[in-house]
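Features as listed in TrEMBL:
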TRANSMEM  12-32  transmembrane segment
TRANSMEM  52-71  transmembrane segment
TRANSMEM  83-103  transmembrane segment
TRANSMEM  138-157  transmembrane segment
TRANSMEM  169-194  transmembrane segment
TRANSMEM  214-242  transmembrane segment
TRANSMEM  269-288  transmembrane segment
TRANSMEM  294-314  transmembrane segment
Amino acid sequence: GDRVWGWPGHVIDIIAVFATLFGLTTSLGLGAQQATSGLHYVFNVPDSLNTQILVIAGVTSIALISVIRGIDGGVKVLSNVNMAFAFLLLLFVFLAGPTLQILKDTWNGFSTYVMDIVPLSNPIGREDDSFRESWTSFYWAWWISWSPFVGMFIARVSRGRSVREFITCVMLIPTLVGVFWMATFGGTAISQVANLGTESGVYQNVIENYNDSLAMFAMFGDMPLTMITSTLGIILVLVFFITSSDSGSLVIDTITAGGKTEAPTAQRVFWATIEGIVAIVLLIGGGLTALQAMVNATGIIFTVVLLFLCWAILQGLRTEPR
């Protein structure tokens, strides 16, 4: 109700800003590590902290330009280009990889997901008691830390849509695309290891050397057009994080400007720059461990806010006129 305009609302806004900030900087740091690994694998660029810092600086600079240009002039253009590249890469891997096996994996993965989502979501009566220990809180906190800016950004661009359209376009379609993407890339990598064994790039770089950031590029190494697909993969990684950074910055601008969608340019520049600086500082200070610690701290706190938001949206839907 009206209480959100008082101190409780201010506290929620502050928590949302920090959750978004550290969620984005964690993604930016991890993305820089993956992009640097790809640059080293493809172009023999030094895989070092300095390279990661340069990658973050480059991503932040482009995100800065996009933020200044706004949604239509910056974010929308980059998002459309990125989705086109992602579709082309997905289509290539699907056709050049084990196509029939990918289709089987897609169906098996989706059907298993539908059948097991309820029992696997229930912590009571589980045989695999170690699940909560092996599936670390970092992943959950990371996803939750993205919820403030993703939710607000989607709400902003979805104005005028019905609830049915929102659920279809924001929840169902992305889930189906995600299942197909995982089946295509994951199925191709598994097929390479099964057929080539220890000679496969995935086995040598990922399984044997424990370098997860090279998984995609190692898979491309055993496929046609390696240089083209690997370069496109690096571009995709970078642009995906650019679009995340600029859209997140716009949402933080809105929160800190009291709900105004057109925040001052100086404020947009400030938050976009802060994201890059925090990511660099955390990488220098403690690398992946520091990134995980910060996103855990803010994500777990925002979980409490999410519980109240779940109740609030149910109340809102009940009172909303049909």
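In case you wondered, yes, glycine gets a Cβ from its N, Cα and C as well.
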Are the transmembrane segment (12-32) and the transmembrane segment (269-288) near each other by the rule of at least 3 C-beta pairs under 8 angstroms (pairs 6 or more apart)?
-> yes
Mind checking which residues of the chain, 6+ beyond the ends of the transmembrane segment (294-314), have their Cβ under 8 Å from one of its Cβ atoms?
-> 12, 15-16, 18-19, 21-23, 25-26, 137-138, 140-145, 147-148, 282
For the transmembrane segment (52-71), which stretch among 12-32, 83-103, 138-157, 169-194, 214-242 has the most Cβ pairs under 8 A?
-> 12-32
Restricting to the same chain and to residues at least six past its boundaries, which positions have a Cβ under 8 Å from a Cβ of the transmembrane segment (138-157)?
-> 16-17, 19-20, 22-24, 26-27, 71, 166, 170, 247-248, 250-252, 254-255, 261, 292, 295-296, 298-300, 302-303, 306
